[in-house]
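Trainee: So TrEMBL lists the following for this protein:
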type   : residues : note
DOMAIN : 78-230   : domain 'FAS1'
DOMAIN : 234-366  : domain 'FAS1'
DOMAIN : 370-507  : domain 'FAS1'
DOMAIN : 511-647  : domain 'FAS1'
Amino acid sequence: KHVCERETEEFVNRTETGSDVLRHFSTTSQVCDESETAYKCRMVQENIDGRKEVTIIYECCHGYTRQKGDFGCPQKVSLMSLLEKAEELGLTDFVKAVKTLKLTKEFEKGNFTVFVPVNGAFSLDSDLLDSGAGIILRDAPAVIAVSEPAIDKALKSLQNAILSHMVDGAFKSSSIEDEQLLKTGSPEDTTIRVNYFSKPEKLMTANCVPVISRDHMATNGVIHSVEKVLKPVTQTLLDIVQSRSELSTLKTVLAAANYVSTLDQDGHLTLLAPTNAAFESMNAGLREKLLNGDRACLEKVLQNHLLPNVICTAAIQGQARTVNKLDRYANLTRSEDDKLFVDGAQIIQPDVMATNGVLHIIDEVLVPEEALSIQDLLEKTNYTEFLSLVKKAGLSKTLETQSSVTVFVPTNEAFQELPIAVKTKLNEDDELLRNVLTYHISPAVQECHRLHDNQQIPTLAGTDIRINSYSSFPYHHQGVKTAQCSSIVETNIDACNGRINVIKEVMMPPKGNVIDILALNKQYSTLVSLVKRAGIADALQGEGPFTVFAPTNEAFEKVGKETLETLEKDADKLQELLRRHVVEETLCCAGIFKRHWFDHSHVRTLAGDHLKLSRDKENRPKIGHALISKCDQTATNGNVLEIDRVLMHEPPRPRWWFNRFSHWDDFFEP
C-alpha cells in the first residue's frame, strides 16, 4: 500500500570482441539492502557483450511514510516547505541561520537536499566561522561593537557554510550510493561524501558525520538531519598532507615512493597519516633504511597506511577490522574511554575529509612485516639461532643486500636438536657454516603453493634443493610439503627483499648421489658390495630421483650367510632383491603417515612390489615390515632411508574377510 517502484537500467558495451566460446559465458550477481523506508536491489550481469546493471527500488510514495513493522506505507504525512519541515523537526538553529542570511526565498525556488545539523551545532566555533560569526548567529540582527568588514566576512562565511549543506535536487537515501559524492551549492565547489556501514550497526554518514534521521520529505526537497556541521571539503588527500606542517615527513615519504599522484586522484581512500613525531619515534636504523632504501619497501609501508574505502570513525564501535591496500587486516578499536586506535597507534585527529577520501592522523608509523628486511624480520619473529649463525658466518651483508630471495629458515629447535658433533663442526669450520647457510637461500622469490613435487630450486651454495609434496589417500586429510626432506611448517612470510619459509630441520648440502651416500657409511658396506656385484650402481647414479631403503650390515647378517651366498651366485635373484629396495621417487620420512582403515598408502619398487607405508605405535616410520632406523640422508638425486631388516619377497596374504566368507559359495551351489 502506497509503495512505489523505481527501476533504472544501465548497459555498457564492450569495445573488444571475444571468442565465440565466451559468448556463452556470463556472470550474474545481486545485492539487496533494506532500510526503514526502502528496499533496494541491484543486479549486475556481465557477458562478452557488456555489463548490464539493473536497480529496483521499492519505497514509500511521495507523501507517505512508515514505521518499522508496518505493512507498506500506511502513514500519510503533511507536506510543507523545507524550512517549515525543518521547524517541525526542531532544527531551529538552521532555520534561524537561513533567515539571518535572508535566504528564505532562495530555499523556495527549487528542489534541494539539505543535510541539516541538529540544534547546538552552530556555535562560536572558529572551525566553522570566522571572528564575529557567533555574535551574528546569537544576536543577529542586533550587532554590538563589531566592525562592518567583520560582519560582512562573518556573514559570507556563514552563507558558505549553509550552502555547503545543500545539494541541488531531491535525493532520498535510497537514491544515494555508498561513496557517492554530492556537489553542494557552495561557491567553493565543496562536496558531500555519503557512506553506508552495516556493522556493528547500520549507519549513514555525510562527510563522516552520522546522519541521525533521514528522508524527511518536503514539497521542494528532502531533509537529512546530521549530528554536527559539515566542514567544507575542497582539498584532496595530497593537498591536506602538503598543507599541514606536522605531516611534512609523510610528504617527503610520499615523494620518495612516487606515491604523490595516488593521493591526488579521484577515489575513495582512507589515509592513516603518521605525524613527524611518529617518524621521529621510530627505531633510527629502521627509519634510515626506509627513507633511504628500496622504494618497493617504502611502498609497502604506505600501502599499510591506505585503506581502499572510506572508513569513518563513527562506524568504529569496540573492535573491528578492515583490509588495507597491502591486503592485510587493519585492526580498529574504540576503547572504553572513547579513544581510537588502529593496530596499536592512536588516532589523534579523526575524520579530516578530502574530496577523494578521509584522513586520520595517527601517532605511530605502522610498519608491516613485508616492509622489513629479511634480517629485521628474523629478529622480530625470534628466529635467533639462524640469525646468530648468519652473523657468525659473516653473511649479514649478503642477506641484507640480496633482493628477491627465498630463505628456508630452520626453527630454533631444529638447530638445538642437531647432533653435538655437527654443532661442533659448524662452530669450528666457518667455510662449512657458510656453505650450510647459503644452502638455505634461493636467489629467487619462490611461491610455496606453486612449488610442485620433485621440483629443484637453486641456492646460493650452488646445490639445488628438492621440493616434495605428500598427502594421505584418499581424502588428503594429511599433507606436507618438504624442502630436501625437511617439512615446511610455515610458508610465504614476506619481507621487503624476499620471502621466508620456515622448515622443521636443518638442511645439510648433499655430499653426492645415493651411491656416494651409501659408500660414505661403513654401516652399508654389505649393501654397496652387493649393488656393485649386481651391476646396478651406475643406474643409481643417474638423474633419478631414487629412494634407497638401505639395510645395515647387521640387517644382512640376520638373513644368514647361506642365503647371501646363494643370492651372490644368482645374478637375477640378487638384482630382484636389490631392486626391491629402490623406488623411483623421493620418499621422505615426513611423507609417511599413520595408517587408517581407509588409508592404503604404498610405494612401488623397481622390482614391482608394493610396499606399505605406515607408522608404529611409537610413531616411527615403517616400510613394509621394516622399521626405518635413520631418516633422510638426502642425495643430489634422491634419498637414503636406513632400515633394520632386508626386504625379502613375501607372497601376498589372503584377505581375512575372503577366507571367512568363502564358504558362502556352498549356499549357492545347485
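Indices start at 1 and increase along the chain as displayed.
Cβ coordinates are placed from backbone N, Cα and C, and glycine is handled just like the others.
Just so you know, TrEMBL annotations never went through curation; they're auto-generated.
The structure displayed is predicted, hence computed values, not measured ones.
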Trainee: Summarise the model confidence on the domain 'FAS1' (511-647) as a single mean pLDDT, whole number.
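Mentor: Mean model confidence (pLDDT) across the domain 'FAS1' (511-647) is 90.
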Trainee: With helix taken as DSSP H, G or I, strand as E or B and everything else coil, how many residues of the domain 'FAS1' (370-507) land in each class?
Mentor: 50 helix, 39 strand, 49 coil
Trainee: So, by DSSP, how many helix, strand and coil residues make up the domain 'FAS1' (234-366)?
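Mentor: Tallied per class, the domain 'FAS1' (234-366) gives 48 helix, 38 strand, 47 coil.
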